[in-house]
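Heads up, the thing below is written out as structure tokens.
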């Protein structure tokens, strides 16, 4: 069920013991134990499933109503209804068509006649679509995480939240030198989490900040360096080139780095999320998506479309403004939240 | 995958070119394509349903105009319906009779409220107002600093009290400070919020009550997906906004959310924000948005222009002449002038979807057209009608002198014209597109 933070991080075996000893945050939020898991269920999972908002209830209600009327797989109207529900969740026309076709075929093959079985099948197929490598590679020293994404998708906030869960020494690099007060925003997160922040003045060359930061992280034996970058639209050729330069600077200084390139995608995004994922992947090699602002109204169906059409795994989801609202992604759980019973 | 709705529609309508009216069956095919295009553009499912049924009604039995293919005809109907739904023309700002005019911004996290506040301030200053901003986002780290930095950048004062006081109190005192300072346009920046967070929505209500704004603008990111409708409804309930600012329009999102929100709330989009620069902010023009949602560049404008300029019967006559290889310089001049009436060449080409990208870096020079025109007008009417006369070199020299060009340039034009004639004769037997007898760039 709930993925624990402990399993989420992947690190070298020889370092495992040392890090586990020193990591307070993983202990705090581990979802392994029974009671804690239940608590977590009641937390984000509950929030997602029960829905805090009538619209979400209405949405899940629609699905329930549709599924409860399911009799046999030859009912065309039924599939149209499912199509409508998927598209209304931002899954997109292509992925929806694919999903419904598979669902229909398998339902026919297995001769499914009950809504309950059909729902299980839906969750199954969706979960498989979403499965991928969801661990975070922390086996290096420093492990370098580059945060990228379109303006306002929650890069800085994700960094602040993520730092709370990371074992060992964490350092931030304020490479968003463009937006007003972006550096200050990251510095406030630095104060809250105790992570030192490497920064220059606003308007400085982002690549230079990154150079300083990798340098400092290696010198000080930092475990994880997280680099915040300026939000940019994937269509801006110059800004994407700047990001590629940042990546090259990191690579040159530390071969093999960045070890993770995380793309933040706002869960309320429609089909443009696909373009974002595609172009950022082409440009800087995204290793995982952070789906942010997945609150009560956002269905986050775009995650499905991205996993299916772009092939980048979702690694983290954020369901609220608090630090506890950040979670490692779990394909099955997400599928259940999308289509599960109330 | 089809790139544009017009391509999709033309494919769907393949073979029905030239028929007088659209049949029910054709309309059915066509509405399916429209439905898909709108869904791919993130227009809300419910809105699409209603919209498509309107279009179906209008398109059934619609007469196909002379200048347009049936596909274009449907596109035109779709576009008109879209533009009508979105309110036709741009909504201009109105100002309070007793200043200051107070405008409050509200919206989801990360949709660009703070940036929009700065852009709006700069915009109204250009209209002769003295703007003043109030920082009421007491939640996001460094949001107050962000507004202050923007204020310094554009030289607009910012009222801030840090993050401790209640936002509604900051708003009230901020407006008072603006009035005392003699400022006549106050912009209140509020925290981004999720509509499920009822506490935050209640707070927005309190800020609205305290500020008593003349206008509340919902700031909406153009990438927003299907939930735009619930978002808009919630903000309507709690903030009762009267218009929208659509942001990040410089990306490539189709922006169907805009349509959803307008359709459900009846509130117009007032401003468009695009670009990283503070000055990239303007009134919103709904007709432009229609083309964007349909993914057609400004092809609609092009269709309109063609409709205005092309006399169908005349065009057919020309086409026949062209294919028979009987085109004269006179016909050519006429066509060229028609193209020129439609606007600058670079602008025209930019309106064709897909073409814009290919043309990046290629310079389109309208002066090329002017030079060609000068050369043709330096010919005698006889020469224009009978290009064979131009084999005479003294005629060529005279034309060169008259048009301020070199004899080589005139030779080149004649040569290209002859090549085109030949090509047309060949093409007249098959099918294909005519090409202008000169190169640009």
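The backbone N, Cα and C atoms fix where each Cβ goes, and this holds for glycine too.
A TrEMBL annotation is a machine prediction, not a hand-curated record.
Summarising the annotation, TrEMBL assigns region 'Disordered' to A:13-37. Taken from TrEMBL, the feature GTP binding site applies to A:149-156, A:228-232, A:292-295. The annotation domain 'SRP54-type proteins GTP-binding' is assigned in TrEMBL to A:313-326.
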Mapped DSSP class for residue A:155 (GTP binding site), helix or strand or coil: helix
Fewest-neighbour residue among binding-site residues, criterion Cβ within 10 Å, set A:155, A:232: A:232
Chain B neighbours, filtered from binding-site residues A:149, A:152, A:155, A:229, A:294, Cβ-Cβ distance under 8 Å: A:152
For the domain 'SRP54-type proteins GTP-binding' (A:313-326), the number of residues DSSP places in helix, strand and coil: 3 helix, 6 strand, 5 coil
DSSP-derived structure type at residue A:232 (GTP binding site), helix or strand or else coil: coil
Number of other Cβ atoms within 10 Å of the Cβ of residue A:152 (GTP binding site) across all protein chains: 25
Cβ atoms near residue A:229 (GTP binding site) (within 10 Å, other residues, all chains): 27
